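Please read through the structure below; I'll follow up with questions.
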Amino acid sequence: MKNLSFLINRRKENTSDSNVYPGKAKSHEPSWIEMDDQTKKDGLDIVHVEFSPDTRAPSDSNKVITEIFDATEDAKEADESERGMPLATALNTYPKAAAWSLLVSTTLIMEGYDTAILGAFYALPIFQRKFGSQNDKTGEWEISASWQIGLTLCYMAGEIVGLQLTGPSVDLVGNRYTLIIALFFLAAFTFILYFCNSLGMIAVGQALCGMPWGCFQCLTVSYASEICPLALRYYLTTYSNLCWLFGQLFAAGIMKNSQKKYADSELGYKLPFALQWILPVPLALGIFFAPESPWWLVKKGRFDEARRSLRRTLSGKGPEKEILVTLEVDKIKVTIDKEKRLTSKEGSYSDCFEDKINRRRTRITCLCWAGQATCGSILIGYSTYFYEKAGVSTEMSFTFSIIQYCLGICATFLSWWASKYFGRYDLYAFGLAFQTIVFFIIGGLGCSSTHGSKMGSGSLLMAVAFFYNLGIAPVVFCLVSEMPSSRLRTKTIILARNTYNVVSIICSVLILYQLNSKKWNWGAKSGFFWGVLCFCTLIWAVVDLPETAGKTFVEINELFKLGVSARKFKSTKVDPFVVKTPPKDVSHNDPKGDIEASIAEE
């Protein structure tokens, strides 16, 4: 770690003589903080306090001054080290943090699985005959568009409620216990789905299961971003997208098996519901032993617990590990303190819209996640149903869905490689551009009724899935964790995910009307609509979405505070830890307040 040996030696010197402070002794009365020129040249930016040669112990004011600036120095050092840390070093230093993050994010496998089987049920013959109605014109059985819309609305409404409950729950008991409670309720609510005998029971079960799903959506992203360093942030936040895909792939495989072996048996839809009981218990046990987010602990003033939590995420032993823990805690303290000075209130949902800075951060986070719906990804979730309505056989529709999710997994892994060469914004925008082109081609093929055009539109939807999971799908999970301030991160992510859910409800209604033979019956021609909407999302990204690749949370805070435009985020360099020399007429009665105010002004 950069300058780590210096910091270890500096701390040893400080503890050996409590009267000695970083800097040079002068033969005059105590003066305000000055920066040592040689230290500047060394790149260490160590602030020191000048004092008289009196052998008496330093005054309480000087102690406070030194403590504050030591914390600021440590915060700066931790921030610089995090920004310059290579991937291999990060994995070697934070292996346990990565493992805990992967465990927590695995809860999203269940949400990806649960939401995917619902869309696949609409193409399952036994489900259609059990809960659907027969089309008088075609003689085919299908679930009515109104019920499809209703079931979608139920689980999304449940997610919205669950997300809103997540905020106060996290404030009260933290991330770990909130996730464990959500897993318990998910296992309990699954009984309703397994024993369903009507669409009404399925609607109730979906609404109740949606509440823990909403919790998973928020906390997996915020936990991954807070427990891991910058070098691992993209990989561990975008792993959430992989978990979604693993769940959807698992669902597609189970549904294909149900279509082949249980086409005329109630096990065709009961077995997929029952498999939801596999993960909650082992995941709850694992999360119980996971460390709490150090950011949450520092916000609660539980600094010793934050240090213990950080020790559990780091490898190695000895003074280097302890120094790294101290640096990180000091950085978190300084970051949160600077954010608190922007408002006198505790973090609440209203704070997300309180001033121009937070309004901008909230807007970008919400629209960024809403882009996952407006880019046409909801159509991918109904891919099996889409393939059927495009003229592909039921068996081939399920096969196409499996291929589609496999391509999505490969694309997400490819995005990890691409993130080394392209920024967050680049992947988001390029993905949208490619999807726009492919959607227009799908719409054009929908104007033809030949077998080749039907197979072509189905194949191109797989191309949409590939570009979606290469660009916008994974990168959104990283962006929404970086845009909010640390103090409002959980609440901003909740608002953003609920924005996504509301937009998804609208998009789902449109898709079901577009594909249902009793409604608009657009089929593949719906590609034109989603191509236009995807292009509009691309225009917003170009105008409003900042580039945050390579930026630490402290730097992002400073860039938003300075009002840097979206397209200049990448090139603008800031130093959030520069400390101004206070004016001569400043009061020395409260040195802590004066100095902290000076720091906050930066």
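Every residue, even glycine, has its Cβ placed from backbone N, Cα and C.
Not measured: the values here are computed from a predicted model.
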With Swiss-Prot as the source, do Asp136 and Gly423 lie on the same side of the membrane?
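Taking the topological domain names from Swiss-Prot at face value, Asp136 sits across the membrane from Gly423.
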Of the residue ranges 36-56, 582-602, which one carries the region 'Disordered' annotation in Swiss-Prot?
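Per Swiss-Prot, the stretch marked region 'Disordered' is 582-602.
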Can you see whether the transmembrane segment (107-127) and the transmembrane segment (364-384) are touching - at least 3 CB pairs under 8 angstroms, only pairs 6 or more apart in sequence?
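Per Cβ check, the transmembrane segment (107-127) touches the transmembrane segment (364-384).
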Run through the topological domain 'Cytoplasmic' (419-426) and tell me, per DSSP, how many residues are helix, strand and coil.
3 helix, 0 strand, 5 coil
Between 143-163, 179-199, 235-255, 364-384, 460-480, who has the most Cβ pairs under 8 Å to the transmembrane segment (493-513)?
364-384
Determine how many residues of the topological domain 'Cytoplasmic' (222-234) DSSP places in helix, in strand and in coil.
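Per DSSP, the residues of the topological domain 'Cytoplasmic' (222-234) fall into 11 helix, 0 strand, 2 coil.
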Between 201-221, 235-255, 364-384, 398-418, who has the most Cβ pairs under 8 Å to the transmembrane segment (526-546)?
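That would be 364-384.
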Given a Cβ distance threshold of under 8 angstroms, which distant residues of the chain, six or more beyond its ends, lie next to the topological domain 'Extracellular' (448-459)?
386-387, 390-392, 397, 400, 442, 524, 527
